[in-house]
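Engineer: These came from TrEMBL, pasted as-is:
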type     : residues  : note
TRANSMEM : B:12-32   : transmembrane segment
TRANSMEM : B:44-63   : transmembrane segment
TRANSMEM : B:75-98   : transmembrane segment
TRANSMEM : B:129-149 : transmembrane segment
TRANSMEM : B:195-213 : transmembrane segment
TRANSMEM : B:234-253 : transmembrane segment
TRANSMEM : B:300-333 : transmembrane segment
TRANSMEM : B:354-374 : transmembrane segment
TRANSMEM : B:380-398 : transmembrane segment
TRANSMEM : B:410-430 : transmembrane segment
There are 2 protein chains.
Amino acid sequence: MPFWKNDRVTPAQIIILGFFTLILAGTALLMLPFAVSGGERASFLDALFTATSATCVTGLVLHDTALYWSSFGQAVILLLIQIGGMGVVTMAVAISIFTGKKIGLRQRWIMQESISAPQVGGIVRQTRFILKTAFLIEAAGAVLLSLRFCPEFGFFKGLWYGLFHSVSAFCNAGFDLMGAGGSAFSSLTGYTGDFLVSCTVAALIVLGGLGFLTWHDFREHGPRLRSYRLQSRLILTTTFALITGGFLYLFLFEFRQPQWQDLSLGQRAAASLFQSVTPRTAGFNTVDLGRLSQPGQLMMILLMLIGGSPGSTAGGFKTTTLAVLLLSSYAVFRRRGSAQCFGRRIPDETLRSAAAILLLYLLLFLTGGVLISIIDGVPLMAALFETASAIGTVGLSLGITPGLSSPSRLILIILMYFGRVGGLTMIYAVTSGTPVPMTQFPQERVTVG
Amino acid sequence: MPFWKNDRVTPAQIIILGFFTLILAGTALLMLPFAVSGGERASFLDALFTATSATCVTGLVLHDTALYWSSFGQAVILLLIQIGGMGVVTMAVAISIFTGKKIGLRQRWIMQESISAPQVGGIVRQTRFILKTAFLIEAAGAVLLSLRFCPEFGFFKGLWYGLFHSVSAFCNAGFDLMGAGGSAFSSLTGYTGDFLVSCTVAALIVLGGLGFLTWHDFREHGPRLRSYRLQSRLILTTTFALITGGFLYLFLFEFRQPQWQDLSLGQRAAASLFQSVTPRTAGFNTVDLGRLSQPGQLMMILLMLIGGSPGSTAGGFKTTTLAVLLLSSYAVFRRRGSAQCFGRRIPDETLRSAAAILLLYLLLFLTGGVLISIIDGVPLMAALFETASAIGTVGLSLGITPGLSSPSRLILIILMYFGRVGGLTMIYAVTSGTPVPMTQFPQERVTVG
Ligand SMILES: [K+]
Ligand SMILES: [K+]
């Protein structure tokens with residue numbers, strides 16, 4: 001009997017093992033001699049870092065993807081992005097569906113945990129829907145991007161670039177092949193004011209980051225937002241608020257500073273929009289982030305830590321976590337009994353999880369940043385930017401990644417893995433997942449704040 | 001009828017108005033011509049800043065206290081520290097007690113809110129106890145410090161210095177007169193390895209920062225920690241853990257770095273101990289903080305944000321808030337129903353308040369820091385250090401305070417006031433304090449993290 005049919009293995013354990021296996025397979029493939037274009041083989045740690053970054057759809061890179069990896073290597077990376085982005089379990093279920101295998105209740109339960117669905121019903125239909133939607137959107141994105149890339153790079157290379165960047169954007173991976181133009185690690189900085197590329201990529205990022213359940217609500221209810229489940233409405237509201245807030249800050253403060261004088265008003269608007277979308281786990285950039293002011297970098301770090309929405313391709317501590325904490329704070333300030341919004345009450349249990357996740361992410365982010373700063377003697381801000389980027393599976397960087405020592409690389413690998421698998425999944429996998437029966441101790445008040 | 005006898009005025013409103021009145025009175029006194037030693041009068045904003053800093057026991061200063069202010073000015077500052085430190089309401093009740101006035105149920109209720117006491121019973125006895133303990137400890141501290149200062153500065157000046165620094169340390173104010181030695185803003189850097197001064201001041205700080213209720217438990221139960229109320233046990237545990245953690249970090253990492261080569265092993269131990277105690281709202285320093293590494297500065301910022309314990313002279317989001325959040329996170333990871341420790345359950349309501357306070361402090365700290373950094377063009381880290389110091393009513397600084405523009409000074413004044421009065425008190429005062437009756441919306445789950 002394979003281990004995943006063992007009843008004592010929890011969904012959380014299967015999810016983390018699935019990602020782990022995928023990363024190891026990717027590492028092995030990337031260590032093949034013909035995965036690298038120069039002829040020299042990639043070292044184990046380099047291959048592991050790249051496979052983790054691709055599988056966890058992070059996008060932090062040690063080598064420029066287009067210049068270092070061969071076409072085979074790039075294809076491996078794209079495959080890891082696609083499987084990792086959709087979720088290992090979703091892909092496994094997809095294979096079962098296509099091969100006509102029967103899917104038992106247990107698999108459905110694992111699947112539910114994996115896409116953060118609130119109930120088990122219709123999980124197979126949902127998987128079918130998720131896959132169909134994903135491939136449709138990715139295809140549309142590839143066509144739109146090819147309109148720009150085919151004239152620029154030639155027909156076939158243009159198509160390949162369109163596909164690669166569409167998948168990479170939709171899965172919020174942030175890997176790019178733009179180093180081929182000559183300057184390594186340039187990401188999309190060649191398209192600062194290009195509305196076709198900026199808007200297509202931004203749209204792919206946002207759609208991918210909204211999460212499968214939100215698409216499902218959209219299919220069921222169309223524009224009737226009132227019928228959406230609470231989670232989808234929170235996700236849409238928070239996403240909208242964060243993008244708007246980020247845009248306003250960047251447009252009104254950041255890009256008016258002297259170092260950005262070379263941008264026209266239109267470029268400033270496009271750059272503000274793109275850069276407010278991308279730290280929410282996408283990881284592309286159309287401007288050089290090293291030129292950001294310090295408050296601008298802090299803003300980016302915060303957006304990266306928040307990340308995307310649950311049940312999507314995104315990392316970070318998630319939009320719903322932020323929403324629940326804010327709603328609960330508002331309830332406290334109004335002396336209300338519990339958090340509420342859109343005519344629904346949010347259970348206290350959810351707040352407890354949200355607070356725990358926030359603390360856990362802050363702890364890992366700060367500890368990782370301090371360690372990297374001490375180990376490699378890099379400025380603290382750059383190190384914190386790097387760890388926020390890793391745990392939010394964002395992939396933006398102030399440029400220190402390629403120069404980091406092995407211990408620092410390992411820290412980032414762990415943070416990327418943690419960020420993609422998700423804080424609670426990780427902890428439940430370790431703590432065996434069975435709820436501890438609660439001892440009813442007497443209650444005692446404590447004064448806080 | 002005076003307004004504080006009006007039944008519609010809440011304790012929260014009386015507390016914030018009390019502090020406000022005290023600050024205004026202090027400002028007026030400090031603007032008198034003979035409050036300044038040079039003869040020139042202090043400007044309104046300078047006097048307001050200093051009075052706020054003293055009343056809110058913060059210790060951020062625009063001018064060196066010993067060099068700029070006259071003996072009269074210094075005495076005003078000491079009085080503001082003593083009243084602000086003990087709490088405006090405690091002092092008012094104290095005056096009522098000494099003048100033999102009867103204290104009504106309403107005053108007791110206000111008093112309870114002011115010292116964060118869980119129940120109303122015996123509030124007058126408690127006030128008497130608080131005052132007696134405070135003055136005894138301050139007197140003992142003054143005597144110990146005079147042993148060092150009398151030989152150094154002469155008998156009377158030595159006594160005055162002993163008293164000033166004892167009160168300033170016990171009230172966690174962080175004001176000092178050491179600029180008289182010649183170098184302005186030197187704080188206690190002249191006593192890096194001096195065990196008498198270091199230990200006396202550190203002990204005063206810790207005792208003052210533990211909170212009135214903890215002393216009360218100590219009086220009632222002595223060393224039988226098991227009989228202490230949950231709050232006191234959380235305070236003692238968290239305080240111990242934070243001081244130990246800070247000490248180990250500073251001793252093992254920070255003070256081994258090249259810029260601290262001039263410290264001997266003993267000095268390093270004393271400096272580590274003192275600097276792990278002081279960011280928890282005390283605000284003295286025995287080493288030049290500008291020489292700290294960036295991770296060391298971050299460590300300090302975190303300790304300053306946490307601050308001291310509720311019902312004490314301290315600011316910050318408080319040790320119990322941290323403890324409740326950590327216990328609750330642990331409960332989530334163990335899939336337990338609620339936070340528990342020492343055989344007691346912590347109500348969900350407390351967690352809600354703790355999460356709200358944490359978010360509020362983080363928001364104010366970050367917003368203030370970003371604004372100051374943008375307005376005055378100072379490095380973000382120095383600005384964040386400053387705002388953490390203000391909101392934690394700590395008073396440590398990387399040295400940028402005297403050079404800040406008026407808007408930045410106003411931001412710090414607001415943060416100091418907010419930090420001393422306390423987040424919830426402030427918000428309840430604004431939102432009128434009456435609990436909103438809860439509408440029983442249907443409950444709906446949301447996935448977080
Ligand atoms: K990414
Ligand atoms: K202080």
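Yeah, the Cβs are placed from backbone N, Cα and C, and that goes for glycine too.
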Engineer: Could you check if the transmembrane segment (B:44-63) is in contact with the transmembrane segment (B:195-213), meaning 3+ Cβ pairs under 8 Å among residue pairs at least 6 apart in sequence?
Structural biologist: no
Engineer: Of the listed stretches (B:195-213, B:300-333, B:354-374), which one yields the highest count of Cβ-Cβ distances below 8 Å with the transmembrane segment (B:129-149)?
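Structural biologist: Maximum Cβ contact count belongs to B:195-213.
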Engineer: Let me spell it out: take the transmembrane segment (B:380-398), skip the flanking residues so only those 6+ beyond its ends count, and list any with a Cβ under 8 Å from a Cβ in it.
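Structural biologist: Sequence-remote neighbours of the transmembrane segment (B:380-398) are 53, 56-61, 172-175, 278-283, 285, 289-290, 294, 297-298, 300-301, 304-307, 314-316, 361, 364-366, 368-370, 372-373, 404, 411-412, 415-416, 418-420.
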Engineer: In the same chain, which residue numbers or ranges, 6 or more beyond the ends of the transmembrane segment (B:354-374), come under 8 angstroms Cβ to Cβ?
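Structural biologist: Apart from its flanks, the transmembrane segment (B:354-374) reaches 305, 316-318, 320-321, 324-325, 328, 380, 382-384, 386-388, 390-391, 404, 407-408, 411-412, 415, 418, 423-424, 427.
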